[in-house]
Amino acid sequence: MFGRTYYCGEITEKAIGETVVLKGWVQKRRDLGGLIFIDLRDRTGIVQVVFNPDVSKDALETAESIRSEYVLDITGKVVAREEATVNPNLKTGRIEIQAESVDVLSAAKTPPFAISDQAAEVSEDIRLKHRYLDLRRPEMFNSLKMRHNVTKAVRRFLDDNGFLDIETPVLTKSTPEGARDYLVPSRVHEGEFYALPQSPQIFKQLLMVSGFDRYYQIARCFRDEDLRADRQPEFTQIDIEMSFMSQEDIMKLSEEMMAHVMRETHGIEISLPLPRMSYEDAMNRYGSDKPDTRFGMLLTDVSEAVKDSDFKVFASAVANGGAVKAINVKGAAANYSRKDIDALGEFAANYGAKGLAWLKTEADGLKGPIAKFFAGEKQEALVQALDAADGDLLLFVADKLEVANDALGALRLKLGKELNLIDESLFNFLWVVDWPLLEYDAEEGRYYAAHHPFTMPVREDLKLIETNPQDMKAQAYDLVLNGYELGGGSIRIFEKDVQEKMFGLLGFSEEEAKEQFGFLLEAFDYGAPPHGGIALGLDRLVMLLSGRTNLRDTIAFPKTASASCLMTEAPSEVDNAQLDELHLEIKRKIRQ
């Protein structure tokens, strides 16, 4: 019953004349009066099966009751199609199967949506509710196959380079690493909780202290944070750590791994070494710490050209220590009306901009509401600074440098998509380096780690740790692909006194540091090697390599934007007996 000689999509003309056994699902059924045609589908593709009374009346009789998504066991002979019926859109389009027998292995109800990539758009909620049906679609299968191929390529590369695949705990200690932890109550230890790991960070460092030298793991991680299209509450990262390696060594090995992945999955050779860009340069030129370099429209600082202008918004921004930044949207002046530009201003306001000034370049000079403030040499300076030509649209934000960069960076991406400036066939990798070690929150009056508390400062900057910590640079590096952060890494602190000082900078008391990380600090007392590593988001990498725009399309059973599973209806309530065992009581909010 379960012997199979071919997958449906792999039968070629070489098999003509053979009797084959196939298994699969009914994609489509057509009754032409006397003959019935079925497209039989499995994970490899589709093959046409013909039920002909001259071949088997019993098979034809069974086929009359068959409907879409029935699971069939078919035996038949491979024959060549007549030339007029060849289907060039199918790999198997030059052959068909003359059915000699058919068994219905499983009947099926009419599915809530067509199992086809060409079907009318179906709401994502319906797809997620019936995920087992959605996964039958070829594009979904291909996304998960890409995930398998990427993982396989990563494992092969790391295995060949002397890394050991080591699992780290999933039930661990709650430590502050940025997002909220998912907590797991302990039945045995009343009132105490495990946390699901946000990353294996501390454990992989301890493995280096243990002398394992090269570690990797395809690691499941969990973060209870607000979701968006490229985030999931549970996600997978390619986690790597190495001893006695410099930042250069780790970056070199990481990009060689990515080159191997691209070669194995896409047959593409990427040029090494990958481009590098400083954090400061990325923010100032692209308005983003994960720049999309597939198109231009770079940010330009025009503060010098406008600081003495009569337009007070510009002049005062510069005088108050801010900046005037601009982008030149080449040839777009005619495409954007005043109403359109107002909408762009509203968009920029979402990123903190108080306004969006604009000018259009025409043959006889600059036009627009602020053009009167820029005549003669001032106009020439602005045109020259922005390389403006007839037909260009110039957009300006005058504000604190960070606000101007953020707003114009977001606007640049929006316009790049609207104007089809992005070559979707490109895979533009780059490194962002020279990160600040710390970020200062003026409202709270404290520092936060720009990456995490275990990142080593640049050695030359260690002398600033007690006097000017805000000036310290990190030995950190982020890998970016097409405007998405694939992941980041750093050289780690491996000296106890430096780690203690870092905890102090971040607001930990000595007691808090010992409570949270005492085991790590103690490990450093027993001879810790210099070490570092990187973690790359597998879900996001697969999303980009498979041409998807949503992480959920690269995960077999993902969560929604509200961190729920529509198929299993998780999370769900549990009964009181389970709560009692865990020494828990639900305190419900009173709704007003």
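The first residue you see is number 1, and the count goes up from there.
Placement of Cβ uses the backbone N, Cα and C atoms for every residue, glycine included.
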Further binder of ATP named by Swiss-Prot next to R223, D224, E225, E485, G537, L538, D539, R540, taken from the candidates Q217, Q232: Q232
Range among 201-204, 305-308, 425-428, 461-464 that Swiss-Prot annotates as region 'Aspartate': 201-204
C-beta crowding around R540 (ATP binding site), within 10 angstroms: 22
Within the region 'Aspartate' (201-204), residues counted as helix, strand or coil by DSSP: 4 helix, 0 strand, 0 coil
Cβ neighbour count (within 10 Å, all chains shown) around E485 (ATP binding site): 17
Residue among binding-site residues R223, H451, R492 with Cα closest to the Cα of E485 (ATP binding site): H451
Per-residue Cβ crowding (10 Å cut-off), top of binding-site residues R223, L538: L538
Pairwise Cα distance maximum in Å, ATP-binding residues per record: R223, D224, E225, Q232, E485, G537, L538, D539, R540: 19
Cβ neighbour count within 10 Å of E225 (ATP binding site): 14
